[in-house]
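See below for the structure under consideration.
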Amino acid sequence: MKGRKDVQQDHESKKLFQGILILTLSSVITKILSAVYRVPFQNIVGDVGFYIYQQVYPIYGIVMALSSSGFPVAVSKMVAEREAAGENSHRTFLNAVFLILGLFGAGLFLAVFFTAGKLAAWMGDPRLSPLIRTVSCSFLLMPLISAIRGVYQGQGRMVPTALSQVLEQTVRVAAILLLSFWLVRGGFSLYAAGQGAVFGSVLGGAVSAAVLVFYLVKGGRQEKAAQLLEWNDVKQAARSLFCSGIAVCISGLVLVLFQFVDSLHLYALLKDAGWGAEAAKKLKGIYDRGQPFLQLGTVAASSFALNLVPVIALEYKKGRRKSLEKQVQAALKISTAIGAGAAVGLIGIMPFANTMLFESSAGTAVLSVFSVSILFSTWILTFSGILQGMGKVYTPAVAITAGVLLKYGLNEVWVPRFGTMGASAATVAALGFISLILMIKLGKAYVKMLPALFFGKLALSLFAMSACLQLWLRLFAYGLSGRAASVPAALGGTAIGAAVFLFCAARLRLLTDEEWGLVPFGTKLAGLKGKNWIGKQKT
């Protein structure tokens, strides 16, 4: 019979995992919304309008990452530690957090707002400066959103954070599409439509802040009362926020940072290489079509594996080596299988997917190369999550920083020679470099990586999927062209590719029964397993 202490621990564990599930679900919803809206937006404003928006989007993406994963995680950790130590009255400490985040947000706002002209000139397009000034306002909302989310997460209350994230994205997407449609239909310039879209993003942040303040007022929290600040609290809060907070945040920022690098100099490099201004804008807009593909592929591949990260952290903390190995193997297998399947499948249907979503097949080869990034970005997110769960917070941040610098350097060399194909190749190479570094670090910390037999079975599954996809597309596409034909070709190809890949993965026992149980409908797929055709895989 369980004692009172055991029952309490079980209740706390259940509450923790319920909270993790709520946050994971809201995160998946917001990421899907963030990727999907770009398709109708591009259809409204065209490739040049898409280029304009994508030049400024990474700044908003940085704000979003700081206020959704970086600072709230750091604040929640500090709140949880203080409450666990019995320090229930920590108003001065929270005031210190508000002060530091407020000063940081105000400083970033002033820096971006007043250097917007120089930043736009660096990007090679001075007409972007009003958009940069508009998006800089989101830095003013970041401190409030980060602090309140962090407080509630530290107390195990995930609903306010989840609701604020979903409402922020819903309002943002609706505002972007409505404002851009109205401005384009009204005869305004594409830069005005882009500024309207950026304003929609800021509006979404304001709604998120309003929801969180509502929860704060409704709960009648006492932390808002004025208290004298203590210097020790300020120092501790600053150290936690700017060390662990930003280090954690960089892992989630990898895709946004790569977009930011492209925003800074890809357009300028294309112009310097001989393309005219309008042609360079169009090329950059076509290249940016890859972002929703990458985001959707990464969400599908990483969400399942990253659910295991809190469990990995718990097993590592308790020193359960065998259980830790099991969980890490599961995370690596699932992320690799789905990431590789998504990348190879997308490359197979890219000519039709490109036309279906963006009305033309322009840039298909560039986007096909770019799609390889799905596998590497999935690995980076999974490796980073595992290493952070094992207490190695700074390792991913250092590797990603090095990868961003490599991406910048490769762009400088390859874009003048190969255009946007060079930018795609630079993205893949730099993400591959980060993956390799993290894989080596994980191997040193964990030693046991995936067996060669797993990759053999994965390769067979991918080959079968690719062969069936090519057969389907050749039969379906014979004599057909245009967007109307691309829709059933792409959607049918997606269904066939996924079905063949999952069937082969199940028959070849790519995952164990327990690992299949971690994937939606995985237990049913595990029932399809046949004899182990390639030998017995150690698990």
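Glycine is treated like the rest: Cβ placed from N, Cα and C.
Features reported for this protein in TrEMBL:
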- 20-39: transmembrane segment (TRANSMEM)
- 59-80: transmembrane segment (TRANSMEM)
- 92-116: transmembrane segment (TRANSMEM)
- 131-152: transmembrane segment (TRANSMEM)
- 173-192: transmembrane segment (TRANSMEM)
- 198-217: transmembrane segment (TRANSMEM)
- 238-261: transmembrane segment (TRANSMEM)
- 334-353: transmembrane segment (TRANSMEM)
- 365-386: transmembrane segment (TRANSMEM)
- 393-410: transmembrane segment (TRANSMEM)
- 452-473: transmembrane segment (TRANSMEM)
- 485-506: transmembrane segment (TRANSMEM)
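The transmembrane segment (59-80) makes no contact with the transmembrane segment (452-473): fewer than 3 of their CB pairs lie within 8 A, with pairs spaced 6 or more apart in sequence. Counted over residue pairs separated by six or more positions, the transmembrane segment (92-116) shares fewer than 3 Cβ pairs under 8 angstroms with the transmembrane segment (485-506), which leaves the two as not touching.
Among the recorded stretches 131-152, 173-192, 365-386, 485-506, the one sharing the largest number of Cβ pairs closer than 8 Å with the transmembrane segment (393-410) is 365-386. Taking residue pairs at least 6 apart in sequence, the transmembrane segment (485-506) and the transmembrane segment (334-353) share three or more C-beta contacts under 8 angstroms.
The highest tally of CB pairs under 8 A with the transmembrane segment (238-261), across 131-152, 365-386, 452-473, is held by 365-386.
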